[in-house]
Amino acid sequence: MSSLRIIDIAVNLTDGMFKGIYHGRQCHVADIPAVLSRAWAAGVDRIIVTGGSLEESKEALSIAETDGRLFCTVGVHPTRCQEFEESGDPERHFQALLSLAKEGIEKGKVVAVGECGLDYDRLHFCPAETQKKYFEKQFELAQAVKLPMFLHMRAAGEDFCEIVSRNKARFTGGVAHSFTGSAEDRDSLLAFDSMFIGINGCSLKTSENLNVLKGIPIDRMMIETDAPYCDIRNTHAGMAFVKSVWSAKKKEKYENDSPVKGRNEPCYVKQVLEVVAGCKGITDVEYLSKILYHNTCRVFFPQDLDTAGDSLLESGVIAENN
């Protein structure tokens, strides 16, 4: 077992790949228990399961209820915001999200509103005006239930930051997850006091990505896999810093005790931690993991904060800045 303590803030356990389904074809048995077992062994001790639609958020909550270390979000992804209109009654759809969020909070499972935001790379799924309308609407949800936000920003930095700025009094804090933006995007996000930046394999593909990462203070960062997507691949610049590897099998030759080749899973968040450490020249990976863990608790699990963590964070910022 690992001595690390890691929170993976983004795992899409509702995705068909964790049911063994790839492109509509059943390739192996559903294997969430095996996936989670590898994660716990790698040092992960909490996972936030992502909800990206009303139905997916219901499933995320059901999955989160199966293990004390699983939590979830409730919200609608920018590419799926047309579901508000397609429901025939957008306000009733919003109220269903609100009821689900309240139910999940009572169960101690829902820790954020999201995944919501703007994605201008995939406007073919949902036009920009619809995305903006229902991104703004979900701040109303965050305000009503007093939860932080789990945010998505892709090729939409200016509009995203404008909407966040307009609504910054309506939410307690948040993370812009799966960050792939420019140095300018990074600095715009960091200008919001309560905003953190989520790093995964998609954040670590190119040398330019790594240069942007170097400018994110460790006290404003969280790590994630966004599994089953966003794995770190051999062709990625970040791979040079990876130390932990798993023997993966092709989905057609599935074995329960091995990861599936090409399918990201939460144990690989340890690789993200290693790349962040290597890129920033931090030799003590366990120390870095404690800082990132503390950051995540500050936003999503404030009841678990302690003064020792604050002292560690303060010394960490000094160590990094020096």
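The count begins at 1 with the first shown residue.
Glycine residues also receive a Cβ, built from the backbone N, Cα and C atoms like all the rest.
Bear in mind that the values here come from a model prediction, so they are computed numbers and not experimental data.
What TrEMBL records for this protein:
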type: BINDING; residues: Glu115, Asp226; note: divalent metal cation 1 binding site
type: BINDING; residues: His152, His177; note: divalent metal cation 2 binding site
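Structure coloured by features recorded in TrEMBL.
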residue: Glu115; record: divalent metal cation 1 binding site; Cβ within 10 Å: 29
residue: His152; record: divalent metal cation 2 binding site; Cβ within 10 Å: 26
residue: His177; record: divalent metal cation 2 binding site; Cβ within 10 Å: 29
residue: Asp226; record: divalent metal cation 1 binding site; Cβ within 10 Å: 25
Cα separation, His152 (divalent metal cation 2 binding site) to Asp226 (divalent metal cation 1 binding site) (Å, whole number): 12
